[in-house]
Amino acid sequence: MAWRRGFGREEEDAAAAGESGLELCLGLPAYFSSSSSSKPSEGSTAAPAFALRSNGTNASKPSGAAAAAPVVGWPPVRSFRRNLASSSSSSSKQAPPPPSSSPQNGDKASKDGGAEKGMFVKINMDGVPIGRKVDLAAYGGYAQLSAAVDKLFRGLLAAQSAAADGEADAAAAGEMVGGGEYTLVYEDDEGDRMLVGDVPWQMFIATAKRLRVLKSSDLPPPSLMRAAGSRKRAAADS
């Protein structure tokens, strides 16, 4: 009987233990188990520690990489080199484009340059070793040019013929070019020798390259006649 009672208690204790395991609760299953609750707590504490260690190692690595990286802008460039580079770049950006040369402008410039060059011409006189230069644009006609030539060479002729008083007095009394003693000729752009006064004044200025004062006695008679006619036309034009 005693054995049956003991056996019956064991069955009751086992049934009570099974019923207590089947009880419902609102907590986590690990809360009711000491062994299971201790393990997750250890894992949970170990996990943050591992995370902190990993974060610490990872945080230390970028600082080392940044220290090992080369510094930008090293070696330093001197200030005057920087200023020189900046000024050259700004001047290249602000430089105006070169002017376009058109053929019409070039032809016009060449013509103007030729006209300006033709304004000053050399003039020589027979018996005078030194030449002069005259500005044809400064005179308004053939009469003014003849008077200017007389003024240029009268003193030189007087100095050369100082020994002959009669010739010097004649040269001082009369007009050399206009009086018939000397004749004014010129060389045109083709190299031909022409008498002054045969063409209009503007054409003469454009084509005359060199002037020469020749003695009328050295010229042939037809030339003298043409010279006299040209002087008359020049006097009429003036």
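Each Cβ is built from the backbone N, Cα and C atoms, and glycine gets one as well.
Looking at the stretches 24-28, 119-123, 169-173, 199-203, the one that Swiss-Prot records under the feature motif 'EAR-like (transcriptional repression)' is 24-28. Taken as a whole, the motif 'EAR-like (transcriptional repression)' (24-28) shows an average pLDDT of 57 in this prediction.
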